[in-house]
Amino acid sequence: MTCIGIIGGSGLYDLPGLTDGHWETVETPFGTPSDQIFRARLGDTDLAFLPRHGRGHGVNPSEINYRANIDALKRLGVTDILSMSACGSLAEDLPPGSFVAVDQFIDRTHARARSFFSHGMVAHVSMAEPTCARLRAAVVAAGGETGTPVRDGGTYVTIEGPQFSTKAESHLYRQWGAQVIGMTNMPEARLAREAEICYQTVAMVTDYDCWHEEEEAVEVSAVIRVLKDNADRARALVAHAAPRIAAARAATCPHGCDRVLDTAIITPPEARGGDALARLDAVAGRVLKS
Ligand SMILES: CSC[C@H]1O[C@H](OP(=O)(O)O)[C@H](O)[C@@H]1O
Ligand SMILES: Nc1ncnc2[nH]cnc12
């Protein structure tokens, strides 16, 4: 059964055609998520919207409890996550208003819990392909249907923030071959992988980061102006992508996102202990129960 989690800014949960919408409080062994989760149905598909920074945008990127957010979505039965994220552009041919279905990340964050597995159970999952190609194809196709072209693939640098980058950093990330820059998708993508949830970022460009000679340095007011326009197109994109994702989901993910723990846990059953077993009831319940 498909349930699509949508992590993103406010306004996204006003999709036309939603039914049975209600806010739900979810507590987790990792603490409290950024906000309540808005559950609804779109046709036959279950959706769960989580405002990443809280509804009033009071949680900064370093303060987000990423583990609680992903655990809460897993607990609600989410199988697939669309991360709808504002970002800066590191490429001349991605002006504000461009959308990118990200396929790689560079992680420059340094102050965030990045694994569910610790204190009694250790796991090592692959992050070689951090997003799910099946979801990527669905959002690219939905972009074609809604008149918002979505570039198929691109590298997203995650910085710690909350400050924007220096010019030296921005030029460095361009040399590294990254196309977009934001503050939140790591460790979110890592944790979704550990929780066996397919994950796909839709990066929505709000500004040319500060490398661009002809643009002003990044300013929140300018970012918000573009963000509002992007949000309208993001809603249409999600509304078209959701049924495609539900239809394309076979019993299991063809890329194996939903089975990564079969081969990842290194601590043998007899050595597993501490608080880990109880804490991992949702994230690793599939493998721990069997
Ligand atoms: C509003 S500018 C900076 C802010 O925007 C992005 O948020 P999100 O990824 O949640 O869409 C970026 O990562 C920063 O947190
Ligand atoms: N230039 C930028 N850098 C980091 N995060 C962003 N979010 C939106 N624009 C950004």
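Keep in mind that glycine also has a Cβ here, set from the backbone N, Cα and C atoms.
Remember, TrEMBL labels are computer predictions, not curated facts.
Pulled from TrEMBL:
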- 4-240: domain 'Nucleoside phosphorylase' (DOMAIN)
- SER10, ARG52, HIS53, SER85, ALA86, THR184: phosphate binding site (BINDING)
- SER165: site 'Important for substrate specificity' (SITE)
- MET183, ASP207, TYR208, ASP209: substrate binding site (BINDING)
- VAL220: site 'Important for substrate specificity' (SITE)
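The structure, with features from TrEMBL marked on it.
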{"residue": "ARG52", "record": "phosphate binding site", "CB count, 10 Å": "23"}
{"residue": "HIS53", "record": "phosphate binding site", "CB count, 10 Å": "18"}
{"residue": "SER85", "record": "phosphate binding site", "CB count, 10 Å": "25"}
{"residue": "ALA86", "record": "phosphate binding site", "CB count, 10 Å": "22"}
{"residue": "SER165", "record": "site 'Important for substrate specificity'", "CB count, 10 Å": "22"}
{"residue": "MET183", "record": "substrate binding site", "CB count, 10 Å": "23"}
{"residue": "THR184", "record": "phosphate binding site", "CB count, 10 Å": "27"}
{"residue": "TYR208", "record": "substrate binding site", "CB count, 10 Å": "21"}
{"residue": "ASP209", "record": "substrate binding site", "CB count, 10 Å": "27"}
{"residue": "VAL220", "record": "site 'Important for substrate specificity'", "CB count, 10 Å": "11"}
Of ARG52, SER85, ALA86, MET183, THR184, TYR208, binding-site residues neighbouring ligand 1, Cβ under 6 A: ARG52, SER85, ALA86, MET183, THR184
Maximum Cα-Cα separation (Å), residues MET183, ASP207, TYR208, ASP209 listed as binding substrate: 15
Mean per-residue pLDDT computed across the domain 'Nucleoside phosphorylase' (4-240): 94
Long-range Cβ environment of ASP207 (substrate binding site), under 8 Å and at least 6 residues apart: GLY88, SER89, PRO96, GLU215, VAL218, ALA222, VAL223, VAL226
Contacting binding-site residues, sequence order - ARG52, HIS53, SER85, ALA86, ASP207, TYR208 vs ligand 2, Cβ under 6 Å: ALA86, ASP207
Collapsed DSSP category at ARG52 (phosphate binding site): coil
Distance from SER165 (site 'Important for substrate specificity') back to THR184 (phosphate binding site), taken between C-alpha atoms, in Å: 14
MET183 (substrate binding site) and ALA86 (phosphate binding site), distance between Cα atoms, whole Å: 9
Nearest-integer angstrom distance between the alpha carbons (Cα) of HIS53 (phosphate binding site) and SER165 (site 'Important for substrate specificity'): 20
Candidate recorded positions ARG52, SER85, SER165, VAL220, pick with smallest Cα gap to ASP209 (substrate binding site): SER165
By Cα-Cα distance, the member of recorded positions SER165, MET183, TYR208, VAL220 nearest ARG52 (phosphate binding site): MET183
